[in-house]
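Asker: These came from TrEMBL, pasted as-is:
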- 2-508: domain 'CstA N-terminal' (DOMAIN)
- 72-95: transmembrane segment (TRANSMEM)
- 116-141: transmembrane segment (TRANSMEM)
- 147-166: transmembrane segment (TRANSMEM)
- 178-197: transmembrane segment (TRANSMEM)
- 203-225: transmembrane segment (TRANSMEM)
- 237-254: transmembrane segment (TRANSMEM)
- 276-301: transmembrane segment (TRANSMEM)
- 313-340: transmembrane segment (TRANSMEM)
- 437-455: transmembrane segment (TRANSMEM)
- 461-486: transmembrane segment (TRANSMEM)
- 493-511: transmembrane segment (TRANSMEM)
- 523-547: transmembrane segment (TRANSMEM)
Amino acid sequence: MLMYHFYGRFLANKVFKLDDNNKTPAHILRDDTDYVPSNRWVVWGHNFTSIAGLGPIVGPAIGIIWGWVPALLWIVLGAVFLGGVHDFASLVLSLRNKGLSIGEITTQIIGKRAKYLFMSIIFFELWVVIAIFAMIMGILFEMYPSSVFPIWMEIPIALTLSYMVFKKGKSLELWSWFALMAMYVTVAIGVLIPIKIPSPNAIVIWIVILMIYCYIASTLPVETLLQPRDYINSHELLVAGLLIFAGAVAAFISDPGHLGFVAPAFNFSVKDAPPIWPFLFVTIACGAISGFHSLVVSGTASKQIDKESDAKLVGYGGMIAEGILASLVILAVAAGFGAIGKGLNIGIKEWANHYKDWSSASGLAANIKAFVVGAANMMGYIFGKSKYMMELMMTIMGVFIVSFAGTTIDTATRIQRYIVQEFGQSTRINFLTNKHIATLVAVGSAFGLAMIKPGGKGALILWPLFGTINQLLAGLALVVATLYLVYRKTKPMVAAIPTIFLILMTGWAMINNIQNYFKTHNWVLFIIGLIVFCLMVWLVIEGIIALSKKKVVS
């Protein structure tokens, strides 16, 4: 928080030189659908919940296998000096370029060739994100059936909040509290009426339902559902964070010998695990730095910013908040992880059993479970550990996770629609500029990917590439930001140093992965990984060429 005040102010005033006299895209291009000037806290809530998703939960829960000290150091330093700069820069660039995506902005900063390369990587990442998050949400609904009722009831609650605040002009603060209380009433009800689809293809059915929802939600005006639901979710985070912190304090006071950091500080000899260098920096993305964030801040947030000075809170502040969330996950997994069952069985043996090797620790469901159970265990010191209370605590955490996953898939679909529309505009394929056709392309392509394998698990084929491609995207966004600051002559080293570090770490990790895919004869991942690596090298070369030319940038 101190760095948000000091370093964030330095970036705002000395590096990006925010000026409220500059009109934002929300005012210039206002259409009350995508471009809507909004309260900065509402935009912060949307941006934060969209960039967070499951990333700052799953990544740290896996990365802690190398020890909680390196994981926590990377989260803190990464969020302040890499992720915060990355998000802030991507947002400011979009604000000063009519709300265009970071991929489209590449044309002006680097050149047309770079734009198409960049947008290809962006489309690929969003394609995988939409498909994988639909599958994950289906799995989560099956894992935590008590979360189904509150998750779907959040939609009418958000619609009511939107109507009362944006249509009737009622108090945002007052109705936000009403919405949050209503949300937790539905959570309590959800524990009593868990909902499961009685079918062996339940996950596929959920994927179909979620894809239909994504189409509808991503074509509605942002004020109707996206903003109010994300704002409610941001309050959910505050509640969850306070509960975890209070639970840790209560556990320490009531039984200081029972709750401690059972995770090792350092653990460099993990069975079958890749080396900590460079894979820590790829495994823990959200919470430190993530390329997906550049898509959100330049895709949706920039179209809702009321004035330039709001960019500090939304861009840099959103990343700092995600770093805090990731730190709470480290706390929950390192100190609160225990077994499901009667009582609280927290200890080194339980942690060591879960993290005995890389395969047992790197599964998505396993690490979500580690966080949910660890957080519920700590909260049990406040509310007691009866069967209902433990189920309620796990439902609260389950709803919290599914809500964030839902926000991410909704926002990713909307951004993919923007990418398809921008591509249609650039190539003069006019029918792709229609928002409904572009959304069908976004949803249909992701659904097709999901259905390649039985059970809607098609995206898992490409999932091993996601971590490196996501960090590659962050590195390339930083390349664009660095060039922008070079042209503007405003302290480019704040972006250049993170750029060099991240490109090196990501390139190193990609080379290791490509070698492994070749050795294991995984030709699909080998070919795609090699293509993406070549694209990365090509884009870096394009950036170096652009650096040698004199440009005037808005």
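Yeah, the Cβs are placed from backbone N, Cα and C, and that goes for glycine too.
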Asker: Can you check how the pLDDT averages out over the domain 'CstA N-terminal' (2-508)?
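Answerer: 88, rounded to a whole number.
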Asker: Answer yes if the transmembrane segment (276-301) and the transmembrane segment (116-141) have at least three CB pairs under 8 Å among residue pairs 6 or more apart in sequence, and no otherwise.
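Answerer: Since 3 or more Cβ pairs under 8 Å link them, the transmembrane segment (276-301) and the transmembrane segment (116-141) do come into contact.
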Asker: Is it the case that the transmembrane segment (493-511) and the transmembrane segment (72-95) have 3 or more CB pairs under 8 Å, with pairs at least 6 apart in sequence?
Answerer: yes
Asker: Are the transmembrane segment (313-340) and the transmembrane segment (237-254) close, by which I mean at least 3 Cβ pairs under 8 Å that are 6+ residues apart in sequence?
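Answerer: With 3 or more qualifying Cβ pairs, these stretches touch.
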Asker: Residue list, the transmembrane segment (116-141) vs rest of chain: Cβ under 8 Å, 6 or more residues beyond ends.
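Answerer: Sequence-distant neighbours of the transmembrane segment (116-141): 53-54, 101-104, 106, 147-148, 151, 195, 202-207, 210-211, 214, 291-292, 295, 364-365, 368, 398, 401-402, 405-406, 408-409, 412-413, 415-416, 419-420, 422-423, 442-443, 445-447, 449-450, 456-460, 462-463, 465-466, 469-470, 472-473, 476, 532, 535, 538-539, 542.
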Asker: Give the nonlocal contacts of the transmembrane segment (203-225) in its own chain as ranges (CB under 8 Å, at least six residues past its ends).
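Answerer: Contacts of the transmembrane segment (203-225) (Cβ under 8 Å, skipping residues fewer than 6 from its ends): 32-34, 36, 38, 46, 130, 134-135, 137-139, 141-142, 155, 158-159, 162, 166, 197, 300, 303-304, 409-410, 413-414, 417, 435-436, 439-440, 442-443, 446-447, 450-451, 455-456.
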